[in-house]
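Lifted from TrEMBL, the feature list:
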- 1-20: signal peptide (SIGNAL)
- 24-166: domain 'Peptidoglycan recognition protein family' (DOMAIN)
- 35-169: domain 'N-acetylmuramoyl-L-alanine amidase' (DOMAIN)
- 196-338: domain 'Peptidoglycan recognition protein family' (DOMAIN)
- 207-344: domain 'N-acetylmuramoyl-L-alanine amidase' (DOMAIN)
Amino acid sequence: MNKFIVILIVSLQSITNAIAVNECGIIPIKTWSGQTSRRTEELDTPVKLVVIQHTVSTPCHTDKFCEDILQNIRDYQIKQLHFTDIGPSFLISGHGKVYEGAGWNRVGAHTRGFNDKAIAISFIGDFTYLLPSPEALYAAQQLLDCGVKNNFLTEDYRLCAFDDGRTRYFAMHFALLSYCSVILSLQWCFAGSSCPTIVSRKDWDGLRPVRVKYLPRPVDLVIIQHTATSTCETDSGCAELVRNIQSYHMESLNYWDIGHSFLVGGNGKIYEGPGWLHVGAHTYNYNSKSIGIAFIGNFNNDEPKTKALDAVKALIQCGVQQGHLTSNYHVVAHRQLIAIESPGRKLYNEIRRWPDWLDDVSSIKN
């Protein structure tokens, strides 16, 4: 009898979800992928939290192209990240179509620590420097209204942009649209991530890149470098040095952006360059398959600071946790791959003691 009741409840939940999907104008996962969702864990609704994200992919504005992108995202998350299925609850295209992911009543995989208590809406595209289309924003508002109407969201739900290292870029610019009803209640939230704080381009007052190229992820190589400049100890001093490096790279070397994926100062803070998502310009022939992390200073003579070393170790582990780096990644020195002194003698001797150090680079050297 109890088994019958459980089956009945699950069936009713599935019917309710199907009705809501139809009423909300959502394209079911089976329609765009040809398969039903593999997710089975039920989400306890209504929920009070809606996480806003982006896919960090090419945007789309036609049905066929959007379906191709969604399938690529789904395949990547299942095969590379080992998710049960595509992570977000819903995905929204540039032409205002809403695609079902985990849906209203299944637990997704979108925000560590909040998957079982939130709905995630992911805008298809990379909104580091661009804004979602009006059609996409309108579709998001309609979806939220429909969620409330069908009791999947509480009436006092809140939109949240999580600073977990993956959604920060989108939120910086999404927050600028405070006049739009979609984000009247958008707030910063923190996912309790073990990742170190990354000083954003906005916070160090950096220039936008001329253009960007996406980095195929995950990568299995971390290249440690130094900037061969003076060191810095204060937040203002480090930010100024990062700006100067970016100016030199863009104006004198004609780079699209500052070359290093990340930089770390003597203050122990990580500074955002092209980051996890975009190809940098740090190591010729290796830019499209590695992350370049530069310690600010010249470490032929200077000793690297413990807090800077710890910050980089934490950043690397964060990259593994978030699927930007493979679990079997290797750390190498700049000088092992090209004829250069970087990262300096003292930093080189330090990183050679790291457990993920690769001494013999013959297997990866071009």
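Note: Cβ is positioned from N, Cα and C throughout, glycine not excepted.
TrEMBL does not curate its annotations; it predicts them automatically.
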Using DSSP three-state counts, the residues of the domain 'N-acetylmuramoyl-L-alanine amidase' (207-344) come to 41 helix, 30 strand, 67 coil
Give me the mean pLDDT over the domain 'Peptidoglycan recognition protein family' (24-166), rounded to a whole number. 91
